[in-house]
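Among the features that TrEMBL reports, transmembrane segment is placed at B:12-32, B:103-126, B:138-163, B:191-209, B:246-271, B:291-317. TrEMBL lists B:99-314 with the feature domain 'ABC transmembrane type-1'.
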Amino acid sequence: MTDTQTPLLSLRHLSISLPKGADRALAVEDVSYDVFRGEILCVVGESGSGKSMAANAVMGLLPKGVYASGGEAIFDDQDLLKLSEHQHRTLRGLRIGMIFQEPMTALNPLMRVGDQIAEVFEAHGQLSGRERQQQALALLTEVGIPQPDKAIRAYPFQLSGGQRQRVMIAMALALEPELLIADEPTTALDVTTQAQILELIRDLQRRRGMAVMFITHDFGVVAEVANRVCVMRHGKIVELGEADEVLKHPRHDYTRALIEAIPSNVIPEARGAETDTALLEVKGLSKVFRSKGGLFKSAREVHALQDVSFSLVKGETIGIVGESGSGKSTLGRCVVRLERPDSGTLSLSGTDFMHLQGESLRRERHRVQMIFQDPYASLNPRHRVGYAIAQGPMANGMSKAQAFAKAKELLALVGLGGTDDRYPHEFSGGQRQRIGIARALAMEPELIVADEAVSALDVSIQAQILELLEELKQKLSLSLLFITHDLRVAAQICDRIIVMQHGRIVEQGPAREVFLAPREVYTRELLDAIPGREHELADA
Amino acid sequence: MLYLRLITMRLLKAVVVLFMIIIFNFVLIQLAPGDPAAILAGEAGATDEEFLRQLRERFGLDQPMYVQLWRYVSGIAMLDFGFSYRQGVPVLDLILARLPATLLLTGTAFVLSLALGIVAGSLAAARVKKPSGSIIMTLALLFYATPLFWVALMSVVLFSVYLDLLPAYGMYTVGAGHTGLALVLDVGKHLILPATTLALFFMAIYTRMTRASMLEASQQDFVKTARAKGLKNSVIQRRHILRNALLPIITLAGLQAGQMVGGAILTETVFAWPGIGRLMFEALQQRDYNLLLGIFFFSAALVIVFNIITDLVYGLADPRIKEGS
């Protein structure tokens, strides 16, 4: 695929400086790589590796205070780093297109989708108003949006995440750029949606013969799309080569570690809980949300949960897997009583947990605790972490001194000893998630509900947190309800797996069985959509 | 359809709120020591018990409070706000005579402050960390911090006394007998000083808020998307950042608009503007309860009306809100 002619984009000894006071001086240090016409180059790395910075420099979109301090970025015989803002602006959108990670926030919420696409033509003075709308419609059709004639008049909030990402792609491709930069375009999407979007990008790339610079942290995605791979760590290139070569025979330890951290082809071991005393019993749980109508949907009721029944025995980890909108989070919220189910029963080692009210609920609440998805939003930024952890026990009558001592102990337990007087912003994402775990443990729960607890983390951090959870579970004989959209994560930690779709349980069974012999079509679809699955990755 | 039903619902709620406000004001005013009869009699130099009794009987003040309240509320239902104890004229006539002058003044100030504030705020946001941006913000702070009446007095001294450019008080040139266009120009000339004075304070607030809100909006991901399209900076500022920054400004504008009846007392007093504010001030001094209650009613009604309008404007400014309502 890679041709030997001159590269379309050539980074030569590129260095990018961070503002003073950052954790390191250079975001990117002496980085050189080429992107050729007609190929997909994947730039892989964890957060903080500087993988996006080079792309932003190419686009002329570096954040304030960050600047290219050395080297050059040659695009079609001109050094992009030396362009004036005006010259750079005329390239953006026209010859270099870019799509971003967050489909939820990357579109202007107040503008119709069609107008946002038409803007690209307007920015470069092309076509008349009417032609722009026609082109927008053609583009929406090309990226496979259902009912493009309606979608063109829709506002972003009326579209799903996958549809918004398609709109982003339509926008980036509007002027047929020679280079497309895709910055983690599928990270925020469901597996099946991710598979579709990857397919779309690959397809468009082939059809148009574009060069694509695809930035990702996920080696599964790399296996799906890459022609060549560039692995980055701490702002430097660790490994650069043909995709097959890097995936099968990684030369660098770091690359190997990253690949190993993704157990796409790990088959869960057969395991079971030691006991058979039921801890949580859920029977016929239903919950309906009522919503007003929208453009694509008439006013309707959403059955978030429909007749959901399962039981969890002491010491067991159950994975609840499903895509967004499957009801898995609602289920978790019902179990911790943040949400009130409409019908059904919910009992915790025999006590009716669902109908507890007021003081009796307050007394029992500590038995089920939750760990949340976003480690940045789930800790109060104005509270020291020691206090954040001690708050729960104190609310349950423990003395202040005791509660703070306990918080210290728990922080040590999760590997953050001696940090109780710090504030959340002093910790990394993974560390914050450890604090979240310590906070949940402070209540001495019997059951922990972890709602996408590792989804926002880098793979290597993910692995560490999962290990910690596993270890704590053994040590404190906890039970775990592990909610995730990521089957790969579920495979690592769960004894049993429940697959949910549209508020119903589609399939449940021991993890190994669900993986090796899925009985339901939907489960099989989910498994097939996991990126990199059919590719043989390096033997772990 | 959905929108219409929403408005109907809001209007029904508004009637209930208004009713509660009437009762609340009525009860509150009863708590003040001394009734209008005592004050009228006192000013007339009469301390005769019999005279007082007659006065009270004439105004219905001898009745138990709930009867007075009932009479009052049922009167309002038929747009009868009673008589001014002082001037012997129906309250409604008094208010309607003064309302246009006040609305002209506050309305002009409203439009002026909103327009200038948003423009100045946008400029300051686009020129953040540049001297011109700092100058705008310093001026805004100055207007924000200076007491209104002081600005009013000083502008009279400067523009009327020294420069003799603009009239110092009143709404028209007394005795000039202007009509048609000449009248409009005359009123316009009288309007400039009070309207500007009144506008400055809110303009300063809008400026600060627009700037802060725009700086926040400019951090959003979609701004980066817009830049990646190759859009000009000015287009990004206007179309993407400003539009998304407008919501808090609309909230504030709604609050200011609600103050249009009662919010100009000070300005009207300094510039002798014949509006509601002065009427209210006089009514307060003279314990003209019926008149005072009438003004309270109008000012509350205006607040409620502008609340509803604000909500409707939200829906126009942000399609997500319309959907959710």
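Start at 1 and count along the chain as shown; that gives each residue its number.
The backbone N, Cα and C atoms fix where each Cβ goes, glycine too.
TrEMBL labels come from automatic prediction, so no person has curated them.
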Look at every Cβ pair spanning the transmembrane segment (B:191-209) and the transmembrane segment (B:12-32), keep those 6 or more apart in sequence, and say whether at least 3 of them are under 8 Å.
no
Return yes if the transmembrane segment (B:246-271) and the transmembrane segment (B:103-126) have at least 3 CB pairs under 8 Å (sequence gap of 6 or more), otherwise no.
yes
Which bits of the chain, at least 6 residues beyond where the transmembrane segment (B:103-126) starts or stops, bring a Cβ under 8 A of a Cβ in it?
132-133, 136-137, 140, 187, 191, 194-196, 198-211, 213-215, 218, 233, 237-238, 241-242, 249, 253, 256-257, 259-261, 263-264, 267-268, 273, 275
Positions on the same chain near the transmembrane segment (B:138-163), where near means CB under 8 A and six or more residues out:
120, 124, 169, 193-194, 196-198, 200-201, 203-205, 207-208, 266-267, 270-271
